[in-house]
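Trainee: Before I ask anything, let me first share the structure, which is written out below as structure tokens.
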Amino acid sequence: MYYGFDIGGTKIALGVFDNERRLRWEKRVPTPREGYEAFLTAVCDLVAEADQRFDVKGSVGIGIPGMPETEDGTLYAANVPAASGKPLRADLSARLDRDVRLDNDANCFALSEAWDDEFTQYPLVMGLILGTGVGGGLVLNGKPITGCSYITGEFGHMRLPVDALTLMGFDFPLRRCGCGQLGCIENYLSGRGFAWLYQHYYHQPLQAPEIIALWEQGDERARAHVERYLDLLAVCLGNILTIVDPDLVVIGGGLSNFTAITTQLADRLPRHLLPVARVPRIERARHGDAGGMRGAAFLHLTD
């Protein structure tokens, strides 16, 4: 059995998967905000409960936001303060007496989708998250590509390309990102960015679902806004695809529920790619909230 943990700032979610990659059981508990011992105990108790339920010593994989293992072996995860700065993988491996694997939660999302029955035919899968921020991951032949610093797939911190400024205007505001840089694309392409763009052009503060509802009703402003957003997304994604050249792009996050993105994006990409480039298949993520647990569990399928 494969145990996958999706750990965030508010919850620890465990999913248990069998050899056919089917979800057999899941449970969620609150993430301890303080106290490393309490955090370790919460994870170990869930593992013990799963072991007892299935009468097996399952493998353990964990997806967590941040850098799973820094140079000194500690975790960096600002959203999980109880464990940040601690040697989480080593401590859990010792307590559970088994190999524990950690990876970035965005990599786990991409890995979950790459192991979907429909998508295993594709050697190089790119996961793209359009949610509160913009992120993602790359999976090659069923294995996540992490890079030396676990920042492979941090697409949101690429800067606006010159074609974006040609589209939006060279006086377009370069917003300061939380990372400290100017013009990171997640400030324009995330759910927050989608809403900010609308307010920037129409001086009306609306949230993404409200704008999408207006678009569905045929509102002219919302229609123009979506056209502009999709063109900007195509410009930025074109740069990424020129570097990565994936077979498949799977889009997750809140904006993935907006069908115009997955249905209209492919037609906008060719003019932003090399003439010989093939537009990859673009699909909406299949596994929703279970994706983080699935991908974490499948870290043990990558041997």
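Each residue, glycine too, has its Cβ placed from N, Cα and C.
The following feature annotations were taken from Swiss-Prot:
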{"type": "BINDING", "residues": "4-11, 133-140", "note": "ATP binding site"}
{"type": "BINDING", "residues": "HIS157, CYS177, CYS179, CYS184", "note": "Zn(2+) binding site"}
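Quick one: where do these features end up spatially?
Mentor: Secondary structure at GLY4 (ATP binding site), taken from DSSP and collapsed to helix, strand or coil, is strand.
Following the DSSP three-state reduction, the secondary structure of CYS177 (Zn(2+) binding site) is coil. Spatially close to CYS177 (Zn(2+) binding site) yet at least six residues away along the chain are HIS157, GLY183, CYS184, GLU186, ASN187, judged by Cβ distances under 8 angstroms.
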Trainee: Quick one: give me the count of other CB atoms within 10 A of the CB of THR10 (ATP binding site).
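Mentor: THR10 (ATP binding site) is surrounded by 11 other Cβ atoms within 10 Å.
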Trainee: Which residues, same chain and not among HIS157, CYS177, CYS179, CYS184, have a CB within 8 angstroms of the centroid of the CB atoms at the recorded Zn(2+) site?
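Mentor: Apart from HIS157, CYS177, CYS179, CYS184, the close residues are GLY156, GLY178, GLY180, GLN181, GLU186, ASN187.
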Trainee: Do you know offhand how many angstrom separate GLY135 (ATP binding site) and CYS179 (Zn(2+) binding site) by C-alpha?
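Mentor: Cα of GLY135 (ATP binding site) to Cα of CYS179 (Zn(2+) binding site) measures 13 Å after rounding.
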Trainee: Fewest other CB within 10 angstroms, which one of the binding-site residues GLY4, GLY8, GLY135?
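Mentor: Looking at the binding-site residues GLY4, GLY8, GLY135, the Cβ with the fewest others within 10 Å is that of GLY8.
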Trainee: Where's the emptiest Cβ shell within 10 Å among the binding-site residues GLY133, GLY137?
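Mentor: Ranked by other Cβ atoms within 10 Å, the binding-site residues GLY133, GLY137 bottom out at GLY133.
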